[in-house]
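**Student:** The active site, thioimidate intermediate annotation in Swiss-Prot covers C315. Residues annotated as active site, proton acceptor in Swiss-Prot, with sequence analysis given as evidence: R411. Residues annotated as NAD(+) binding site in Swiss-Prot, with sequence analysis given as evidence: D260, G308, I309, G310. What Swiss-Prot lists as K(+) binding site is G310, G312, C315, E479, G480, H481. Positions annotated as IMP binding site by Swiss-Prot, on the basis of sequence analysis: S313, D348, G349, G350, G371, S372, Y395, R396, G397, M398, G399, E425. The feature domain 'CBS 1' is assigned by Swiss-Prot to 106-165. Annotated domain 'CBS 2' per Swiss-Prot: 169-225, in sequence order, evidence recorded as sequence analysis. Feature annotation from Swiss-Prot assigns region 'Disordered' to 480-499.
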Amino acid sequence: MANDSSTDGRFSEKLRVPEALTFDDVLLRPAESRVEPDDADVATRVSTNVELEVPVLSAAMDTVTESRLAIAMAREGGLGVLHQNMDTDRVVAEVERVKRADELVIDRENVVTAAPEQTVEAVDEMMDRSDVSGAPVVDDDDTVRGIISATDIRPYLEVGESDAVREAMTDEVITAPEDITARDALELMYEHKIERVPIVNDEQHLVGLVTMQGILERREHGSAARDQNGRLRVGVAVGPFDTERATAVDEAGADVLFIDCAHAHNLNVIDSAREIKASVDADVVVGNVGTREAAEAVVDFADGIKVGIGPGSICTTRVVTGSGMPQITAVSQVADVAAPAGVPVIADGGIRYSGDAAKAIAAGADAVMLGSYFAGTDEAPGRVITMNGKKYKQYRGMGSVGAMQSGGSDRYLKDDDEDEEYVPEGVEAATPYKGSLASELHQLVGGIQSGMGYVGAESIPAFKADAEFVRVSAAGQTEGHPHDVMITDEAPNYSPQGE
């Protein structure tokens, strides 16, 4: 009889496995409370130096977050994270677009200007590329000579597009000094019926620009996420080995860099992340991880840790690789390490309902990141699709074949080789069209606040400290959803599939 070397049990012992839970496995235990949901404070910290009024980030996916959605997120108090399927020049331009969106005084280096001798056609194309509707006209020494707007240009595009800007511009320019206040600038614009005022120094040289839109946006969005200069905050995903991109977006003004890797508990990734952290001024969040050991490997240098190995709706990592960690357990394990060190935790993926977001925070997360939840909004870049008379928007995982072909293979530590067939870890799909991001975010944050009210927690730190969980059986999960009825009027924050 052959000698059986497996009698020591070293393999069968692997099957004595710990339990791991996800959102549907648990519920928050209601507790005595004096906290009204509207009074619950959801302000939080997502990295060492970045605080938000709402604990929500949009995912760095090419069908979710580009500058338009990032601007909308920041205005509502959250943070948009620009995806990495863009070349460096384009992502720098996207960062600058976010930073320029709500500035009170746009700094000179960010002001789009025209020269008197340029053609009307060239300036029209320039303004279209820069997404602005007007520009000061300046000489070589930056002396303001006029101002030109899309309204000035429009008649010339039909009959005189080769005419010089000096022919089309308004040369009687209303300017303002460097110390002008928002109120004074607004009054000046109303008085002269103009939408933009160049800011000049004593020599009449251009030093900045104030716009009506910028002032009104700042007034409307009092809880917006802003940096120390009053500009909207923005995050950027960078590949784990792309130091050049990290440096470029840091110089462009990005507030947080997200090391964007499906498995950040890779020693090569960690070494490179340390180097990136040392080379930039922005905060650096490392992810994704899913275990206590992974958190221990990065907690000494990371400004934040992002959690999620395969929980996303379009992610196939767990079935393709057989690897992953259910999200509630993953968040709690990482938080056990990160919280004592004062490092924020971001739960990334698997959140279908606002209650899932509340559970993630109660389990130790400081904020949540969502993809499909925002992919169906107006501001997301995915194209609109109509199927069976219903509108959807394109949504795909960054591990899908399409996303990898667009440059996302770096996230999965795979070479970008056109001759090699990809092994995807995601799918391409569609998500129902939802309307504005502000409406979706309102429902999400409102659900989190209601969860805090049930627990009796008036702040995110109190919620994390005081919340308790109970296990839920399969019957309990069924009981928790609408049952034994036919839904006739859909609620804005619920669908049976969690769409």
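The backbone N, Cα and C atoms fix where each Cβ goes, glycine too.
Walk me through the surroundings of each of these features.
**Tutor:** The Cβ of C315 (active site, thioimidate intermediate) has 24 other Cβ atoms within 10 Å, all protein chains considered.
In the three-state DSSP scheme, G308 (NAD(+) binding site) is classed as coil.
Under 8 Å, Cβ to Cβ, and six or more positions away along its own chain, H481 (K(+) binding site) finds P496. In the three-state DSSP classification, H481 (K(+) binding site) falls within coil.
Y395 (IMP binding site) is surrounded by 25 other CB atoms, counting those within 10 A of its CB over all protein chains shown.
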**Student:** Which sequence-distant residues neighbour the region 'Disordered' (480-499)? Criterion: at least 6 residues beyond either end, Cβ under 8 Å.
**Tutor:** 27, 352-354, 372, 431-432, 439, 443-444, 446-447, 472
**Student:** Take the domain 'CBS 1' (106-165) and average the pLDDT across it for me.
**Tutor:** 89
**Student:** Can you figure out which of G349, G371, Y395 (the binding-site residues) comes closest in space to G480 (K(+) binding site), comparing Cα atoms?
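**Tutor:** Result for G480 (K(+) binding site): the nearest of the binding-site residues is G349.
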**Student:** Do you know the DSSP helix, strand and coil residue counts for the domain 'CBS 2' (169-225)?
**Tutor:** 20 helix, 14 strand, 23 coil
**Student:** Taking each of G349, G371, Y395, E479 in turn, which of these binding-site residues have a Cα lying within 10 angstroms of the Cα of G310 (NAD(+) binding site)?
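**Tutor:** Those close enough are G349.
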